[in-house]
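Below is one structure; the comments refer to it alone.
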Amino acid sequence: MSELPTLKDLHALKPLQQPTYADADEVADVVRQLRRLPPLVFAGECDELRDKLAEVSAGHAFLLQGGDCAETFAGVTASNIQNKLRTLLSMAIVLTYAAQVPVVKVGRMAGQYTKPRSSDTETRGDVTLPAYRGDAVNGFDFTEQARRHDPQRLLGVYNASSATLNLVRAFVKGGFADMRTMHSWNSAFVRNSPAGVRYEQLTAEIERALAFIEACGIESEQTRTVDFYSSHEGLSLEYEHAMTRIDSRTHRPYNTSGHLIWIGERTRQLDGAHVELMRHVSNPVGIKLGPTTTADTALELADRIDPANQPGRITFITRMGAGKIRDLLPDVVEKVTASGRQVAWVCDPMHGNTFESANGFKTRAFSDVIDEVNGFFDVHDELGTWPGGMHIELTGDDVTECVGGAQELAEADLSSRYETLCDPRLNRNQSLELAFQVAERLVQSRNSRS
Ligand SMILES: O=C[C@H](O)[C@H](O)COP(=O)(O)O
Ligand SMILES: C=C(OP(=O)(O)O)C(=O)O
Ligand SMILES: [Mn+2]
């Protein structure tokens, strides 16, 4: 692996989806400040996650990765973080119990503040302003002042990520994730829904089994804490580069802003700056693969980012769209598998299924999400490869952003609690419902392999 490129080297590659900062000296000063700040995660933790993802790629574990499309600074509150974590942990329980495979839990949390956009600008009426690019770059308010690209916000990302991760670490190791309390992870608004009722039954069953195990005097430390990892799209070159440090154990660069960093669909050019940076860091790397991806592109990306074919290094997150996945995914999976590569295959059933509702909301249909998930399982079952995980935009709250699901959210309902600043997320109910559906497919896949 050649030396870590400098920020200047990366900018020479003409990176896409970057902010346009007015004052280069101010940016350099922020980057200097970031470089001095302590790491948010440790290299050893990234290695641990890579080992777990190696298990995913070998077909022995399943990845659950989820959280907001765009975290916000205002969203760094105890209840918001707790609700998201509870949703993810509940989903993981459903998946683990049904499929009887370990579930690797990764949040789109503690760093997901930078957004690629289809357009650089947004127009409302006769006013056109820079598009919102995530709290890392500018503010959501539709004013010139808020939409200015402000490098100081990168320090805000560090602080918000640090506060989030601190609470997450306390929650998952300090008793909150104790399986004996999983009953209470179901919140009032979920409890009476069909998925909520199923969850109650399932947790009652597990709790009885745990009580039995305890009564037998069997130690169950593993049931009291959870391993939870952070992830985000590594889009801001300034931030990601400044947070990349040389690990004193291995003398290799690690991006210490999150455990897993992924490269987005819009910035995965083979000779682009994002691939160039990520190929030099030792974290596990996710790569989004949209509907234009050919098998050759996937293979070239894998060769560039993971020349050593290290298990757990690469997670391919496919987001083809419900109507396309059955046609497009087989060739990619088949050729990558035939090349001898072992990668984790993960389904993002969100980003290929976005549309605008008749009443003007960016939304997704729960039925499309389920359809893409089913297509993903169909393809892998057919090829005999392992459907390794799910990548979901979700929230722990009772929002109305995606239509459908057991509550039959209609387009007319979207306006009541549409809170996302970017893409529509599954709400708590829809997330749990999805987990039950995925669990059923996972059982089938596991059975068909054994
Ligand atoms: O989260 C993903 C992208 O940022 C988002 O889908 C792009 O959305 P846009 O088309 O509204 O810019
Ligand atoms: C921007 C995103 O996805 P993609 O790169 O797949 O479009 C995202 O995950 O929010
Ligand atoms: Mn998104």
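Glycine is treated like the rest: Cβ placed from N, Cα and C.
According to TrEMBL:
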- CYS69, HIS351, GLU393, ASP423: Mn(2+) binding site (BINDING)
- ARG108, GLU265, ARG266, LYS288, ARG319: phosphoenolpyruvate binding site (BINDING)
Checking your reading of the structure: which of the binding-site residues HIS351, GLU393, ASP423 lie inside a 10 Å Cα sphere centred on ARG108 (phosphoenolpyruvate binding site)?
GLU393
Would you please pick out, from the binding-site residues ARG108, LYS288, the one with the fewest other Cβ atoms within 10 Å of its Cβ?
LYS288
With every protein chain in view, how many other Cβ atoms are within 10 Å of the Cβ of GLU393 (Mn(2+) binding site)?
27
What other residues of the same chain, not counting CYS69, HIS351, GLU393, ASP423, have a CB atom within 8 A of the CB centroid of the Mn(2+) site?
MET350, THR354, CYS422, PRO424, ARG425
Going by DSSP, is ARG266 (phosphoenolpyruvate binding site) sitting in a helix, a strand, or coil?
helix
Measure from the CA atom of GLU393 (Mn(2+) binding site) to the CA atom of ARG266 (phosphoenolpyruvate binding site) and give the result in Å, rounded to a whole number.
18
Consider the binding-site residues GLU265, LYS288, ARG319 and say which one has the Cα lying nearest the Cα of HIS351 (Mn(2+) binding site).
ARG319
Neighbour count, 10 Å Cβ-Cβ cut-off, for ARG319 (phosphoenolpyruvate binding site): what number do you get?
23
If the criterion is a C-beta within less than 6 angstroms of any ligand 2 atom, which of the binding-site residues CYS69, ARG108, GLU265 pass it? List them in sequence order.
CYS69, GLU265
Candidates near ligand 3 among the binding-site residues ARG108, GLU265, ARG266, LYS288, ARG319, judged by a Cβ under 6 angstroms:
none
Which binding-site residues from the set ARG108, GLU265, LYS288, GLU393 come near ligand 1, judged by a Cβ under 6 Å from any of its atoms?
none
Looking only at C-alpha atoms, tell me how far ARG319 (phosphoenolpyruvate binding site) is from CYS69 (Mn(2+) binding site), rounded to the nearest Å.
14
At the level of the C-alpha atoms, what whole-angstrom distance separates GLU265 (phosphoenolpyruvate binding site) and ASP423 (Mn(2+) binding site)?
15
Return the residues near CYS69 (Mn(2+) binding site) by Cβ distance under 8 Å, restricted to its own chain and a separation of at least 6 in sequence.
ARG108, GLN112, LYS115, GLU393, THR420, LEU421, CYS422, ASP423, PRO424, ARG425
Count of other CB atoms lying within 10 Å of the CB belonging to HIS351 (Mn(2+) binding site):
21
